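Visitor: Summarising the annotation, Swiss-Prot assigns domain 'ClpX-type ZB' to 4-57 and lists sequence analysis as the type of evidence. Taken from Swiss-Prot, the feature Zn(2+) binding site applies to Cys16, Cys19, Cys38, Cys41, supported by sequence analysis. Positions annotated as ATP binding site by Swiss-Prot, on the basis of sequence analysis: Pro120, Thr121, Gly122, Ser123, Gly124, Lys125, Thr126, Leu127.
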Amino acid sequence: MNEDRKNRESGKLLYCSFCGKSQHEVRKLIAGPAVFVCDECVELCNDIIREDLQGSEAGGVEGLPKPKEMKAILDQYVIGQDKAKRILSVAVYNHYKRLKARTFRNDVELAKSNVLLIGPTGSGKTLLAETLARVLDVPFTIADATTLTEAGYVGEDVENIIQKLLLACDYDVEKAEQGIVYIDEIDKISRKADSPSITRDVSGEGVQQALLKLMEGTVASVPPQGGRKHPQQEFLQVNTANILFICGGAFAGLDKTIRSRSERSGIGFSAEVKSKEENTNVGEILAGVEAEDLIRYGLIPEFIGRLPVVATLEELDEAALVRILIEPKNALVKQYARLFEMEGCELEILPEALGAIARRAMERKTGARGLRTIIEHALLDTMYELPSAEDVGKVVVDAKVIRGETEPHRVYRSVERQRVSA
């Protein structure tokens with residue numbers, strides 16, 4: 001600045017070092033060490049930087065898998081549930097588009113869209129959330145709603161959910177603030193009665209109240225490295241405004257609530273008469289769920305308002321369970337075949353056995369989650385003896401093995417051993 005003053009006092013004309021304009025052609029000329037820059041060049045530089053930042057953020061959106069691409073990846077791991085996959089893909093894409101495509105304009109603020117998954121046990125709720133997190137390469141954690149209680153009571157505080165998310169990304173706060181949290185068994189924190197209770201419900205309505213701000217967006221104080229809270233401790237501050245919450249639950253009995261509402265709305269001369277056998281598919285009934293049904297089930301209106309996107313999953317039939325056994329990338333049959341291959345043996349599960357496994361899972365009402373248990377039980381003795389057995393080239397499983405009527409058939413490499421076993 002002293003040099004600028006000297007130049008002015010000496011009557012020397014000054015020029016911008018970038019555009020070459022004189023001090024009389026611009027509003028302001030800023031002096032640096034042996035250089036000058038005018039206000040017009042400063043404004044131009046700001047515009048270039050702003051456009052570059054917007055372009056890089058737009059490029060981030062381009063880097064996101066599009067909804068169709070997300071669904072295609074989900075199809076590789078989860079069988080069926082097309083409608084739920086579409087809803088989830090769009091919701092997750094819009095959520096991360098909201099984060100990555102932030103502009104400098106403040107005229108429209110995009111709200112967060114958390115997701116509620118409703119479906120029977122073993123229909124793929126958790127697997128959908130896990131696969132999405134893997135596709136997007138973001139921190140992911142699963143929380144069990146049944147262990148949560150209000151602060152000050154025995155059980156886990158809701159802040160523990162964020163602590164688990166931090167643990168999943170080595171306590172990188174910036175990464176955690178863009179993660180996904182899946183809260184399982186969310187139906188188990190429903191209010192114990194339709195009307196508010198005069199007694200304190202610390203594991204039901206109380207937990208719903210505690211989750212409200214966390215899901216909407218707040219700054220949660222989390223003890224570093226999983227320590228317990230005490231007054232002299234420094235806390236990690238985690239903003240949950242950009243964390244996507246996906247809540248899932250079986251909501252047993254919700255179909256009856258929906259059916260009773262539908263029957264009430266159809267009273268009168270214009271009511272359509274339906275037989276009791278009609279519309280017995282639980283998945284079809286759940287697809288018609290409304291906020292009123294969830295409130296009657298025990299969720300408070302404020303909590304439902306934090307979950308604007310609702311996806312329902314269908315009950316898996318026998319054909320879908322058979323496909324789950326053989327089609328996904330990590331299908332159970334492929335997993336067990338790999339285990340047997342590591343012992344130098346081939347595993348063949350016949351189509352009739354696949355059908356028997358699916359039927360047994362349906363009888364137990366465990367969905368896809370029960371398939372592994374059935375296969376494990378059928379192959380337990382074989383897997384126990386196989387590492388010590390010699391010359392076993394192949395193990396064949398048929399429907400009788402699944403029903404427990406016989407042992408898996410062993411095929412030996414040598415003809416003599418085969419005759420002995422026969």
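Keep in mind that glycine also has a Cβ here, set from the backbone N, Cα and C atoms.
Each of the listed features needs to be described in terms of its position in the shown structure.
Guide: In this view, Cys16 (Zn(2+) binding site) is surrounded by 21 other Cβ atoms within 10 Å of its Cβ, with every protein chain counted.
In this structure, Thr126 (ATP binding site) is part of a helix by DSSP. A 10 Å cutoff on Cβ-Cβ distances gives Thr126 (ATP binding site) a total of 16 other Cβ atoms nearby, all chains included.
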Visitor: I'd like to know which of the binding-site residues Thr121, Ser123 has the most other Cβ atoms within 10 Å of its Cβ.
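Guide: When each Cβ's neighbours within 10 Å are tallied, Ser123 leads.
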Visitor: In terms of DSSP three-state secondary structure, what is the assignment for Pro120 (ATP binding site)?
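Guide: For Pro120 (ATP binding site) - judged by DSSP and reduced to three states - the answer is coil.
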Visitor: Are there residues of the same chain, six or more positions away from Gly122 (ATP binding site), whose CB falls under 8 angstroms from its CB, and which are they?
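Guide: Long-range Cβ contacts: Leu316, Ala361, Thr366, Gly367, Ala368, Arg369, Gly370.
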Visitor: Between the binding-site residues Cys19, Cys38, Cys41, Leu127, where is the Cβ count within 10 Å the lowest?
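Guide: With the binding-site residues Cys19, Cys38, Cys41, Leu127, fewest surrounding Cβ atoms within 10 Å: Cys19.
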Visitor: Test of understanding: give the count of other CB atoms lying within 10 angstroms of the CB of Gly124 (ATP binding site).
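Guide: Step by step: centre on the Cβ of Gly124 (ATP binding site), count other Cβ atoms within 10 Å, giving 29.
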Visitor: Report the nearest neighbour of Pro120 (ATP binding site) in space among the binding-site residues Cys16, Cys19, Cys38, Cys41, comparing Cα positions.
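Guide: Nearest by Cα distance to Pro120 (ATP binding site): Cys41.
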Visitor: If you measure Cys38 (Zn(2+) binding site) to Leu127 (ATP binding site) at Cα, how many Å is it?
Guide: 59
